[in-house]
Amino acid sequence: MGKRDNRVAYINPIAAARARGPVQNSGPTIQDYLSRPRPTWEEVKEQLEKKKKGSRALADFEDKMNEKWRKELAKNREKLLGGSDKDKEKDKKAVDKEKEKEEKDKKEKKKKERKKSNRHSSSSSSSSSSDSFSSSSSESEDEEEKKSVKKKRKRKKSSGKRASDSSDVESDAESKTIMVLVHEKKKKRIKEEGDKEKDEKNRRRKRKAERGYRDSSSDSSADSDGEEVDKSKKKRKKKHKKHGRKKKKKAASQSDSELD
């Protein structure tokens with residue numbers, strides 16, 4: 001079975017369009033758009049004025065609504081403020097009543113105290129002499145007790161200061177000993193590090209000396225081997241020369257015998 005022939009004949013599109021002829025226009029053309037009816041300048045002015053009138057009407061309506069809302073807000077504020085003022089007045093009245101009650105109670109207490117003091121004044125005059133003596137003795141005792149308390153406090157303070165001084169001295173001594181120990185440890189560490197560095201340097205020097213000795217010995221052995229090789233070559237050359245001379249002599253003697 002052979003392949004199908006799917007080839008299509010080439011058609012020039014420009015030639016095909018020319019053969020078809022002019023296309024019928026289904027919609028408006030550019031000329032129709034340019035020749036459309038347009039309003040005059042006067043008609044445009046009338047439309048603009050109508051738009052301005054409409055916007056003014058909206059502005060007037062908004063102003064009226066704003067005035068209504070303002071009136072309502074003012075009424076609500078007056079109501080709220082009036083109620084708050086009434087509450088404040090009530091609170092003030094209650095506070096004033098409480099203050100008046102407290103003042104009355106204070107006055108009554110003062111009157112009662114005065115009456116009691118007047119009653120006890122007569123009885124207190126008789127016992128005043130004995131009370132004065134006892135009060136003087138009690139005052140002297142109180143002064144002695146105060147002095148003893150002051151002395152005890154001073155002693156406690158002095159002992160506390162001494163204890164604090166001794167504790168400070170001990171703490172200073174401990175800190176000094178700690179510093180000394182730390183300093184000694186640092187010295188030991190420095191010495192150990194120095195000894196380690198010296199040992200490492202000595203080891204490096206020894207290794208370098210050993211390497212140099214090995215290199216020199218290997219060079220001397222190589223030189224000796226080279227000398228031996230040279231000597232063997234020279235011996236071979238000498239042997240070869242002697243053998244060549246012998247051959248020449250033999251050849252010369254043979255030629256002489258043949259001539260004879």
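Backbone N, Cα and C define each Cβ position, glycine as well.
Caution: TrEMBL annotation is automatic and unverified by curators.
Within its own chain, the compositional bias 'Basic and acidic residues' (39-49) has no Cβ neighbours under 8 Å among residues six or more beyond its boundaries. Taken from TrEMBL, the feature compositional bias 'Basic and acidic residues' applies to 39-49 (among others).
Residues annotated as compositional bias 'Basic and acidic residues' in TrEMBL: 59-106 (among others). For the compositional bias 'Basic and acidic residues' (59-106), the DSSP-based tally of helix, strand and coil residues reads 48 helix, 0 strand, 0 coil.
Annotated compositional bias 'Basic residues' per TrEMBL: 107-119 (among others), in sequence order. Residue counts for the compositional bias 'Basic residues' (107-119) under DSSP, helix first, then strand, then coil, are 13 helix, 0 strand, 0 coil.
According to TrEMBL, the feature compositional bias 'Low complexity' maps to 120-138.
Here TrEMBL flags 148-160 (among others) as compositional bias 'Basic residues'. In terms of DSSP helix, strand and coil, the compositional bias 'Basic residues' (148-160) has 13 helix, 0 strand, 0 coil.
Counting only same-chain residues 6+ beyond the ends of the compositional bias 'Basic and acidic residues' (190-202), none has a CB under 8 A from a CB of the stretch. The annotation compositional bias 'Basic and acidic residues' is assigned in TrEMBL to 190-202 (among others).
Marked as compositional bias 'Basic residues' by TrEMBL: 232-251 (among others). Helix, strand and coil content of the compositional bias 'Basic residues' (232-251), in residues and according to DSSP, is 20 helix, 0 strand, 0 coil.
The region 'Disordered' feature in TrEMBL is assigned to 20-260.
Using a Cβ-Cβ cut-off under 8 Å and counting only residues 6 or more beyond its ends in the same chain, the compositional bias 'Basic residues' (232-251) has no close neighbours at all. In terms of DSSP helix, strand and coil, the compositional bias 'Basic and acidic residues' (190-202) has 13 helix, 0 strand, 0 coil. Helix, strand and coil counts under DSSP for the compositional bias 'Basic and acidic residues' (39-49) come to 9 helix, 0 strand, 2 coil.
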